[in-house]
Amino acid sequence: MENISDLWNSALKELEKKVSKPSYETWLKSTTAHNLKKDVLTITAPNEFARDWLESHYSELISETLYDLTGAKLAIRFIIPQSQAEEEIDLPPSKPNAAQDDSNHLPQSMLNPKYTFDTFVIGSGNRFAHAASLAVAEAPAKAYNPLFIYGGVGLGKTHLMHAIGHYVIEHNPNAKVVYLSSEKFTNEFINSIRDNKAVDFRNKYRNVDVLLIDDIQFLAGKEQTQEEFFHTFNALHEESKQIVISSDRPPKEIPTLEDRLRSRFEWGLITDITPPDLETRIAILRKKAKAEGLDIPNEVMLYIANQIDSNIRELEGALIRVVAYSSLINKDINADLAAEALKDIIPNSKPKIISIYDIQKAVGDVYQVKLEDFKAKKRTKSVAFPRQIAMYLSRELTDSSLPKIGEEFGGRDHTTVIHAHEKISKLLKTDTQLQKQVEEINDILK
């Protein structure tokens with residue numbers, strides 16, 4: 001059979017004819033052939049989402065295409081780059097049971113390669129937590145010990161913990177770094193008691209340089225596990241080993257947490273992560289799009305960022321959903337398509353976020369005024385009056401301050417905005433024609 005790279009390139013040429021251009025560009029173009037073993041062709045996808053999408057939507061089509069090219073029935077398997085090492089020919093172990101031995105740090109699969117300081121987007125809601133995490137990574141057990149990070153789901157706590165682990169290992173390859181969830185700690189502890197291996201369990205977690213333990217709130221109510229973790233904490237702290245803990249709430253709010261554990265969690269630094277603001281959400285989307293090789297218009301990223309303000313996971317998930325929807329219906333990505341793609345996951349009760357630009361555009365459409373005229377020095381009634389209406393609506397429909405509104409209207413003073421608001425408010429009480437025009441503008445903005 002021909003070289004697998006040549007075979008796959010031939011298959012791609014055929015697949016390009018069978019699927020839409022957006023589908024090919026999004027899902028197939030960036031794939032490569034990894035290997036061919038025992039009638040199984042392994043294809044490398046650029047990321048996890050693409051791998052899953054290819055498996056569920058294109059496996060059959062790819063198999064048929066390869067059959068047409070080779071006359072052989074090949075099974076298709078998709079992998080992502082970091083899992084390729086698992087597919088290589090197994091080498092003899094350097095010593096018996098090497099696979100079961102504890103290594104100096106966790107396997108690559110345990111520390112997510114995507115979760116580094118370089119890929120973390122810094123914003124007002126996580127700036128302090130990021131700085132504290134970096135300080136801990138640069139000087140384990142010398143800056144803040146323990147470091148306790150808390151915040152809601154999907155805000156970046158786990159990302160920072162993995163980033164600390166990666167940084168420590170990169171700068172000290174011999175460091176013993178362990179990351180695990182409190183649930184895993186609990187399960188291993190229970191199993192160690194059952195199997196009479198308590199000593200092995202203690203040695204495993206009390207002889208590390210950095211312990212990263214996620215979701216510590218799950219220890220609540222587990223008295224024996226809390227007892228074990230208390231002694232593990234003490235053993236590490238006394239040896240000046242770094243401990244990093246995450247939770248969905250601060251120590252004082254974790255129910256049924258022993259006071260002695262709570263006090264130890266408060267020995268070091270407690271920092272929180274809050275939901276990202278609009279600017280940070282846009283930056284997160286841009287970084288995600290760049291990482292996935294996606295070309296997303298700015299208006300679409302702004303729309304998604306305005307609609308999804310809960311956490312980073314949902315934000316990135318919304319972006320991928322829009323890309324997938326675009327591919328399925330074979331249409332270019334724009335704000336309207338994004339709205340259609342996300343209609344099922346955006347609560348109906350969530351009000352539309354209206355910007356001053358939106359208001360200027362709507363008023364301009366109704367009164368035939370160019371956008372640039374709202375910021376110009378023109379004082380003719382045909383421009384000045386619509387400008388006052390736009391200022392009035394900006395005050396009513398946005399959270400912008402008076403100076404901010406004035407700035408968006410050519411740098412006018414805030415007193416000008418106040419005057420416009422008072423004037424239009426007064427006219428609306430008696431002028432029925434103006435009432436209808438403002439109602440029309442509101443309809444456009446809905």
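Placed from the backbone N, Cα and C atoms, the Cβ positions cover glycine too.
Here Swiss-Prot flags 1-92 as region 'Domain I, interacts with DnaA modulators', drawing on sequence analysis. In this model, the region 'Domain I, interacts with DnaA modulators' (1-92) carries an average pLDDT of 79.
For 93-109, the entry in Swiss-Prot reads region 'Domain II', with the evidence type sequence analysis.
The feature region 'Domain III, AAA+ region' is assigned by Swiss-Prot to 110-326.
Here Swiss-Prot flags Gly154, Gly156, Lys157, Thr158 as ATP binding site. Of all Cβ atoms in the shown protein chains, 25 besides its own fall within 10 Å of the Cβ of Lys157 (ATP binding site).
What Swiss-Prot lists as region 'Domain IV, binds dsDNA' is 327-446, and the listing cites sequence analysis.
Of the binding-site residues Gly154, Gly156, Gly156 has the largest number of other Cβ atoms within 10 Å of its own Cβ.
Note on the region 'Domain IV, binds dsDNA' (327-446): DSSP counts are 80 helix, 0 strand, 40 coil. The ATP site is defined by Gly154, Gly156, Lys157, Thr158, and by the 8 Å test on Cβ atoms against their centroid, the other residues of the chain that qualify are Gly151, Val153, Leu155, His159, Leu160, Ser246, Ile273, Asn311, Ile312.
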